[in-house]
Amino acid sequence: MNSKQRVYAFFWIFGLVNNVLYVVILSAAVDIVGPKVPKTLVLLMDITPSLLIKVTAPFFIKSIPYTMRIYALIALSCIGMIFVSGKSLLLCMIGIAMASVSSGFGEVSFLQLSHFFEENALNGWSSGTGGAGIVGSSVYMLLTSIFKLPIRLSLLSFTILPFAFLLYFKLDTTQIEYDSISSSGEETLIRNSNSNALQTDTFNESIRLSKTEEQNIFVSSIDHFKSTCVNLKALVVPYMLPLSSVYLFEYLINQAVSPTLLFPLDSRGLPPFFNKYRDMYVTYGTLYQLGVFISRSLAHKFRMHNLYFLSALQGLNLVLTILQAWIYIVHTPWPIMILIFYEGLLGGSSYVNTFLNVLEEVDMDKREFSLGAVSIADSLGVFIAALVGLGLEPTICNHQVSTGRPWCRME
């Protein structure tokens, strides 16, 4: 295995492990909260901490060494999944939040890390995140719907995966540097202060920054904040807005509409593993993730520079699925399953093409920052979807019950 293949393989694993717990938790949403609670509650807990991390990360993450980040990711992921596999709903929610922090922190970190290894690393990461979807959802479906293992045991089995982050230490990280907030910022001033302290005889003077230096630190921090906001603003229209809207549409489908895309269990032509209504929800999630995996793995070979076109297509998918849930146009799940798979293809393609556009169009000196910052967009779209879904799913379900289709209230 040459160096490029090695980098691709490692980043593929990083992408898979970083996202797989997020996928497993969403796949288990119907099992965690039951049929009567909106599944977007789990989505909200699964995305809010991640979004907060991504929004605030550009202001502080540069000062945290990658080594420390790796250990934090492992701890948060493992402890979080142990909590999720517990019996208490409150403990499950805390565990989901911890796994979410790990996912958001990991995505920003590895996207920034890919800057040092160029497009090869980003391709591996993108494919790996797509692989996380199909691995997480299909393995969970296999364990619970086919092998019929207990839900809690199935969730607990995923705690071993985060230790794969240790492969980071097998990378050539000599080229990675940790810069201070700015060349004239706090770190430089502290180093100068420490150097001057060696020339003094008084302990108090050795640890105290002068007023001038403190003022310089404050001014430098303000300048850094302003420049960060300016850089973020430049990324909104070309990259963040279309990516955010794609994720808004697809997660409304996945977590708010798909739990209501149900069919009678005694219908002819149902897949043999549709033994319960929750099996339909889990299957939709697996098909979506299969589409994401395929498109994230191949999208770099079929480039799409117009990101808003992908957003429009995903919006059309949302309209079609809402119509099906509301009117019950199709009476067999197969067309819906194909549509969900296609939805995944669009979502994965949008993700990869967004970050490839950043690599191709953003200046080298701003590329590392931009890759991490644009990752805010997908989480923001998912967060909005979670809020909207809290009302959308119950509305559709109540309508179905009133028209003689009570399946959304059944297990």
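Using N, Cα and C of the backbone, Cβ positions are placed for all residues, glycine too.
For 1-29, the entry in Swiss-Prot reads signal peptide, with the evidence type sequence analysis. What Swiss-Prot records for 41-61, 79-99, 127-147, 149-169, 281-300, 307-329, 334-356, 371-391 is transmembrane segment, and it gives sequence analysis as the kind of evidence.
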The transmembrane segment (79-99) and the transmembrane segment (281-300): do they have three or more Cβ pairs under 8 Å, with pairs 6 or more apart in sequence?
no
Three or more CB pairs closer than 8 Å, sequence separation of 6 or more: does that hold for the transmembrane segment (149-169) against the transmembrane segment (307-329)?
no
At a threshold of under 8 Å on Cβ distances, which of 307-329, 334-356, 371-391 pairs most often with the transmembrane segment (127-147)?
334-356
Against the transmembrane segment (41-61), which of these stretches has the most C-beta pairs under 8 Å: 79-99, 307-329, 334-356, 371-391?
371-391
Contacting positions for the transmembrane segment (307-329) when only residues 6+ beyond its ends and CB under 8 Å are counted:
238-239, 242-243, 245-246, 249-250, 252-253, 257-258, 260-261, 336, 339, 342-343, 346-347, 349-350, 353-354, 357, 396, 399-400, 403, 405
Which residues, given as numbers and ranges, are at least 6 beyond the ends of the transmembrane segment (334-356) yet have a Cβ under 8 Å from it?
111, 119, 122-123, 126, 129-130, 133, 239, 242-243, 246-247, 250, 253-254, 258, 261, 269, 283-284, 287-296, 299-300, 302-305, 307, 310-311, 313-314, 317, 320-321, 324, 371, 374, 377-378
